[in-house]
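Colleague: Feature list, courtesy of TrEMBL:
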REPEAT    87-119  repeat 'ANK'
REPEAT    120-152  repeat 'ANK'
REPEAT    216-248  repeat 'ANK'
REPEAT    375-408  repeat 'TPR'
Amino acid sequence: PPYSASRADPRAPTRRLLQAAADGDLAAFKRIAGKLDGGKGRLRETVEGVRDRGAGALHVSSGRGMLAVCSYLVEELQVDVDAADDSGDTPLAYAVRGRSIDGVKYLLDHGSNPDKPDNKGYTPLHVAAVSGECEIAKILLSRGAHVDSFSSHGTPLHLSAFCQQDGVMKILLDHHADFNKLLKPVFTPLIMALNAGSLKCVVLLLKAGADVKGVGTVTPLITAANNGQTDFYKCLLEAGADPNVPDEFGHLPIELAAYNNRRKDVEILLPVTSRIPSVCDWSVDGVISYVKSCPSVEDDPMYKMSPADMKLAASEAYRRQDYITAMKLYTRLTDICPHDATLFSNRSLCWLKMGAGVNALQDAQICRLMHSDWSKACYLEGAAQMLLKDFEKACDAFFDGLKLDPASDEIAEALR
């Protein structure tokens, strides 16, 4: 048992108290609690002081659905129904994780906050989404849980997509969850469902009206092509996905499919893809032969350069206004040094010069995620929003940057 201990262990009485709570043994719980209190008449404080990694008696009894103990703690001792353990989890989160429908209902009936997040921003609804607890999700939503509460891993809808929980996803969508909400720069629930390989979740999101354009070069169709998801093309194309949008290296979905010898994918994509001028034989075999005859990406001299030489070449390309070459070099560098925010910053500048607002915004937001105190990242985000004509968000980003660097001339100029 998780709270068993020897009698010689000085923590034994407190461990036995938590074990009694977990077992639902109310008589034993009262007896041990009384001994720990020692007749001081401060039973509530005594019980609330007994914790294991922050989890108290109400946490463990809620997680096991032991309502008799829960009732005693909440109604007689009046312990804090929303007390958090060391991870920020409340008794309600324990009840959800323990799949105790009765425990969830009881705690909500007695004032538990359905939206109290843990240290990562997870609410009880996030927990239900991860584990696919449909009935519990319905209960939480009926009691006012926020359907789009945001955590470090997105909304409950993001998590239902990532964990392939189509049952919970349908419930969330029925409660008007935002199916286009972005996690970080590019991850919509649809992209997460594709990466998870859940056709059921993808179909649900498309029926709800999820955007099939994607963000920048990260489109649902490119994602499906990279993942070899043959069964996903039909629903994506029927929903309006554009097969003529390339990835960041300029490759169309049909080229990605051909490169990976996915003949069936090429057969599906060929009739809906605009003819590539350099492909003489516009047929399934012709496309595959063409792609196979092209030099591989690794044959590009760029891939043989050292990172230092690549940075120098990128800077020189930018100075001579060859923004496409500079962008490609910075893209390669981000693969080598994915935690170097200056690379994303420089690539964002390239995108801005090329008029690619969505891509510029994506890289600027990555910079802000990496360095929230960097005024340059705020400026880049503002400039990208200006290009996208979202002037309100542009001003917000510029003002954020000005707070970080009041002396910034470029931000001051942008705000004029």
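In case you wondered, yes, glycine gets a Cβ from its N, Cα and C as well.
Caution: TrEMBL annotation is automatic and unverified by curators.
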Colleague: Average the pLDDT scores across the repeat 'ANK' (87-119) and report the rounded value.
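Modeller: That stretch averages a pLDDT of 97.
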Colleague: How about long-range neighbours of the repeat 'ANK' (120-152): same chain, 6 or more residues beyond its ends, C-beta under 8 Å?
Modeller: 88, 90, 92-93, 96-97, 99, 101, 104-105, 108, 114, 159-160, 163, 165, 167-169, 171-172, 175-178, 181
Colleague: Write out how many residues of the repeat 'ANK' (216-248) are helix, how many strand and how many coil, based on DSSP.
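Modeller: Taking the repeat 'ANK' (216-248) as a whole: 17 helix, 1 strand, 15 coil.
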Colleague: Can you work out which residues elsewhere in the same chain, 6+ from the ends of the repeat 'ANK' (87-119), have a Cβ less than 8 Å from its Cβ atoms?
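Modeller: Distant Cβ neighbours of the repeat 'ANK' (87-119) are 53-55, 58-67, 70-71, 74-75, 81, 125, 127-128, 131, 133, 135-136, 139-140, 143-146, 149, 151.
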Colleague: Do you know the DSSP helix, strand and coil residue counts for the repeat 'ANK' (120-152)?
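Modeller: Within the repeat 'ANK' (120-152) the tally stands at 17 helix, 1 strand, 15 coil.
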Colleague: Pull the DSSP breakdown for the repeat 'ANK' (87-119) and write it out as helix, strand, coil residue counts.
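Modeller: The breakdown for the repeat 'ANK' (87-119) reads 16 helix, 0 strand, 17 coil.
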Colleague: Reported in the order helix, strand, coil, what are the DSSP residue counts of the repeat 'TPR' (375-408)?
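Modeller: The counts are 27 helix, 0 strand, 7 coil.
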